[in-house]
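Encoded as structure tokens, the structure appears first; notes follow it.
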Amino acid sequence: MVLIRVLANLLILQLSYAQKSSEPIIGGDECNRNEHRFLALVSSDGNQCGGTLINEEWVLTAAHCEGNKMKIHLGVHSKKVPNKDKQTRVAKEKFFCVSSKNYTFWDKDIMLIRLDRPVSNSEHIAPLSLPSSPPSVGSVCRIMGWGTISPTKVILPDVPHCVNINLLNYSVCRAAYPEYGLPATSRTLCAGILEGGKDTCVGDSGGPLICNGQFQGIASWGSPNCGYVREPALYTKVFDHLDWIQSIIAGNTDATCPFVNF
């Protein structure tokens, strides 16, 4: 049985950060310092994830990134040489689609974090709006994060890396992972490059999938062979969770995602 790669990363103390590489995020390059003002670096219990600031007090990430003593770092580019406007917060409250925090490979891998206090917009910090419409298959999408830059071993970069991939038909992911019996319909998006070589990987969980400028997905899971041919990754579909997100932010903290019988 193929072991599925869950994108959250367990940091090992002996790991050293890569200074330079020709194989970032898997197939990308160092992000422009000004293109990821909304990108959060989420850490807890030695784990690393990404996240997306959606307003001054709320961050979206993946449910499987949940942990104790969560810290959310904003305004980060280089982890070794922090920006002067870097701001760090802790998770005041964490909300899940279901109170038990249950999620599957194809549903409910989403977590909404309320920060202990608001962040201020600055040169390197600004929220990303929620999507106004669902994405279309064929869209060009941007992925980013501080995840491993090697498909064969964990090498964590000092700076985030970015790459463009394509939004694929969900059926492509169903065909790629037959052993998991993915349902015919899902609240997840399938994205990658069929020829391989560009992908999220270990440590990129919870980071954004931005399609045609809109925040459409949250990095969830994929093949252990990051960037492998015809093995794209899956992303929680933000648009399908808008009612839940907006209800929680408005104060209806008992809101749950509607049940869908796949």
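Just so it is clear, glycine is given a Cβ too, placed from its N, Cα and C backbone atoms.
Disulfide connectivity taken from Swiss-Prot links C173 to one of C190, C201, namely C190. The recorded disulfide partner of C31, taken from Swiss-Prot and restricted to C162, C201, C211, is C162.
Cross-referencing C201, C211 with Swiss-Prot gives C201 as the cysteine bonded to C226, criterion being a recorded disulfide. The record in Swiss-Prot pairs C257 in a disulfide bond with C97, which is drawn from C65, C97, C141. Within 10 Å of H64 (active site, charge relay system), counting C-alpha to C-alpha distances, fall the following of the recorded positions N102, D109, C162, S205, C211: N102, D109, S205. Counting Cβ atoms from all protein chains shown, C190 (disulfide bond) has 24 others lying within 10 Å of its own Cβ. In this structure, the disulfide-bonded residues C31, C49, C97 were compared by how many other Cβ atoms lie within 10 Å of their Cβ, and the smallest count belongs to C31. Ranked by CA distance from D109 (active site, charge relay system), the recorded positions C97, N169, C190 have C97 at the top as the closest.
For C201 (disulfide bond), the number of other Cβ atoms no farther than 10 Å from its own Cβ, over all displayed protein chains, is 30. Cβ crowding, taken as the number of other Cβ atoms within 10 Å, peaks at C65 among the disulfide-bonded residues C65, C141, C257.
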